[in-house]
Amino acid sequence: MIVVDYITPLMESMKISAYYTIRISIIVLTTVFIVNYIMSTGIMKKLSNMLSPILRRLKVNPLSISSTLACFFSPTVGYSILAEGLKENKVNEREVIGASLANSFPSVLSHTFTFFIPVVVPILGHTGVLYVLIRLGVALAKTIIGFLYLSIISEDYSFEMPEINKLNKKENAKKSFKSTIRFAKRLIPIMFFMMTLVLYLSKIGFFDYVEKFVQPITNLLNLNPNVGILALTEIMNVQAAIVMAGGFLNEGILSSKEVLIGLIIGNVLTFSTRYVKHSLPLHVSLFGAKLGTKIVMVNAAITLLLDIFIIAGLLLI
């Protein structure tokens, strides 16, 4: 009778995972603290002020421009400007939809500093950089589409930039530290668990077994079956998928291109639930059920289309 030893691979996986988690966590949490502190000093507001003279030259509703500039440091503030403008009849529904598209790049850019750079890049390395560039590229394309649409439908108004309050610098360090601790409580357990799981399942041959079930689908796209596992993991938890992707890269299970495809496929699979959970409540509360839903659907559809084009492009490389 053959006795399979499952304990030794588990202990080895936990040991490697603990070392990896400690090493990456130091980098990630230090970066998170620094980025949170810098963001609280109003750097994104300074960036919006720098871009203000350029954007003023666009012949679009000034509230649309104001909303886009505000989204560089607070997407919620940016959309609130549009909501107030709509109530006061200073902006119409079509302009709100166009502005919501135009707000994509500054909104994702702020997310880049709070999640992509401090978390994704340290875990995935150069693959993480490529993933960030892809997400920024999609957002930039949506912003360009939004401004093109606004330039067609908007009237030429006199520009008036709403006053936006700066954050209190005295509370920066304390606020950044608390934010980092909260983030650490979420990230470290997920990182340790997912890295241990990936290493352990790899050692006992689980991924070879799963390949038999996923292979028919992935074979159609000429992909490694583990790409499907990564995409399915992203449906459950984005951070878990990022950590799993890092494990796949470290173990040589997936290539850089396959990780990118897996993460983007996961993004496509989760786009509906993500928009419903995160975007829809905010937009409905600000713009009402009809317009709020329309804004979310337009943004989701364009994001989905662009992601599909990117997946197709990566498959052809």
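Glycine residues also receive a Cβ, built from the backbone N, Cα and C atoms like all the rest.
It should be emphasised that the depicted structure is a prediction, and the values quoted were computed from it without experimental measurement.
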From the ranges 105-125, 252-272, grab the one Swiss-Prot calls transmembrane segment.
252-272
With the transmembrane segment (187-207) as the reference, which stretch in 63-83, 136-156, 229-249, 252-272 has the largest tally of C-beta pairs below 8 Å?
229-249
